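**Student:** Before I ask anything, here is the structure I am working with.
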Amino acid sequence: MGSLDHNFKKSGFNISSMPNSQQEKIVIGEAGYVLEDVPHLSDYIPNLHTYPNPLQDNPSYSVVKQYFVDVDDTVAQKIVIHKNSPRGIHFRRAGPRQKVYFEPDDVYACIVTCGGLCPGLNTVIREIVCGLYYMYGVSRVMGIDGGYRGFYSKNTIPLTPKVVNGIHKRGGTILGTSRGGHVTKKIVDSIQDRGINQVYIIGGDGTQRGAAVIFEEIRRRGLNVAVAGIPKTIDNDIPVIDKSFGFDSAVEEAQRAISAAHVEATSFENGIGLVKLMGRDSGFIAMYATLASRDVDCCLIPESPFYLEGRGGLFQYIEHRLRDNGHMVIVIAEGAGQELVSESLKSSDPSGNKLLHDVGLWISERIKEHFSKQKKMVINLKYIDPTYMIRAIPSNASDNVYCTLLAESAVHGAMAGYTGFTVGPVNGRHGYIPFNRIIEKQNKVVITDRMWARLLSSTLQPSFLRTRDIIKENKEEEPLTQLADNSTTNDNLMEKQILC
């Protein structure tokens, strides 16, 4: 370790440490090259021994032309650049190194799953256990029962390849999970008392925030313990990485609910099928499920505000769609339209997530109420909420392969002495990403992006945000006389957006 840093020092370039709690490792190179490096055990523990990587004697890897990742290999965060653009931010490439910082017989690893369920959890658990055992000869691995609080309040579960064989075919997590329960001192005391020296933490942004705090406390105590995070969120709202595991499975399973809604809607006069999907703050599942289905007439997500009443609103669009097609399918993400619900929930769950109203039930009642009062047409609305059915399924083939790559990359990183990192694909290549980059913000749908434009062209729904902005701008900036003069123009514009 350190060849890349040494090369830059020798060439006269700077290595800077950011003065924050994470003590970020930033390496500056030529032509605007920036490496956002991850911590290494040797950063705070001097004179660590290194050992030859057991993979060089592993018969399964005898056909591999290049066993090990070069220490200088990095992964670019952005791959679309201009001729004169700086090379930009890079991350250390994931994979096995020639030297490891743990002897297999000395490794005592633990795995913990936290937060909500997600397809693929059991696959990640299985592949960490099998990766440690078959690639590195590590035989002591245990599972922490019930999330973070399991470190100090519950029993552990011995994990061997035999125990985890076949669990990838089951949904949920064999280790159990929970929200909250993060008491840093108790967790690190448990790690230290048990002699654990590798910690694999599987969870979303809140869990990774907790993992960062655990790593900081371990570093403060000077413990020879590697902390590796595997990002998990069914909503795909973790930044930097290409996507999170379980997302493909969720989109695929969501098709069943959308297909059922479409069957219901087309079987009745003025039928409306309403499906609520996951997506607290990010509407990726709703967007991709809508694009994959092609049966959806309207997709509502948190990133794209909408309104109900008046010209250009959702109610008017529904009426137009029913008159034209005789049926309609609406997909709504659970975090969409929360600002429209009259009473606001201010409480949070143990993970710190704001509690949401059931926007699916709320909007279905509002649609029924609106058409009942108007008495223009009788509608038949069916509401489907497949949320927990989707969370509980086993991962599909694509996610199973992806989970294997994530797990093996995490194992390679920990064995190589890296710590305080999250693993994930960046532009198709797996890298080691500092915790602070994963937890600094959420990944969201960009409604000015081509993917959202593809959705709008598929559903033919109006851009509610644009129409609402026109109304707001006219009210705030135009004199009353001008409002009267321009009302016809604005009405025609909104009508055009609805009908397109």
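Quick reminder: no glycine exception, Cβ is built from N, Cα and C everywhere.
TrEMBL entries are annotated by machine, without manual review.
As annotated in TrEMBL:
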| type | residues | note |
| --- | --- | --- |
| ACT_SITE | ASP235 | active site, proton acceptor |
| BINDING | GLY116, ARG179, GLY180, GLY204, ASP205, GLY206, THR207 | ATP binding site |
| BINDING | ASP205 | Mg(2+) binding site |
| BINDING | THR233, ILE234, ASP235, MET278, GLY279, ARG280, GLU334, TYR388, MET389, ILE390, ARG391 | substrate binding site |
| DOMAIN | 110-412 | domain 'Phosphofructokinase' |
| SITE | GLY206 | site 'Important for substrate specificity' |
**Student:** Suppose you look only at the domain 'Phosphofructokinase' (110-412); what would the mean pLDDT be?
**Tutor:** 93
**Student:** Measure from the Cα of MET389 (substrate binding site) to the Cα of every one of the recorded positions GLY116, ARG179, GLY180, GLY206, ASP235, then give the nearest.
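**Tutor:** So, of the listed recorded positions, the one sitting closest to MET389 (substrate binding site) is GLY116.
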**Student:** Once the chains shown are all counted, how many other Cβ atoms turn up within 10 Å of the Cβ of ASP205 (ATP binding site)?
**Tutor:** 25
**Student:** Report the largest Cα to Cα distance, in Å and rounded to a whole number, among the residues THR233, ILE234, ASP235, MET278, GLY279, ARG280, GLU334, TYR388, MET389, ILE390, ARG391 that the record lists as binding substrate.
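**Tutor:** Farthest-apart Cα atoms in THR233, ILE234, ASP235, MET278, GLY279, ARG280, GLU334, TYR388, MET389, ILE390, ARG391 are separated by 17 Å.
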**Student:** If I take the alpha carbons of GLY116 (ATP binding site) and THR233 (substrate binding site), what is the distance between them in whole Å?
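**Tutor:** The separation of the Cα atoms works out to 8 Å.
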**Student:** Starting from the Cβ of GLY206 (ATP binding site), draw a 10 Å sphere and report how many other Cβ atoms land inside it.
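**Tutor:** By my count, 20.
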**Student:** Considering each pair of residues in GLY116, ARG179, GLY180, GLY204, ASP205, GLY206, THR207, all listed as binding ATP, report the largest CA to CA distance in Å, no decimals.
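**Tutor:** Maximum Cα-Cα distance: 12 Å.
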**Student:** Would you mind checking how many other C-beta atoms are within 10 angstroms of the C-beta on GLY116 (ATP binding site)?
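**Tutor:** A count of 21.
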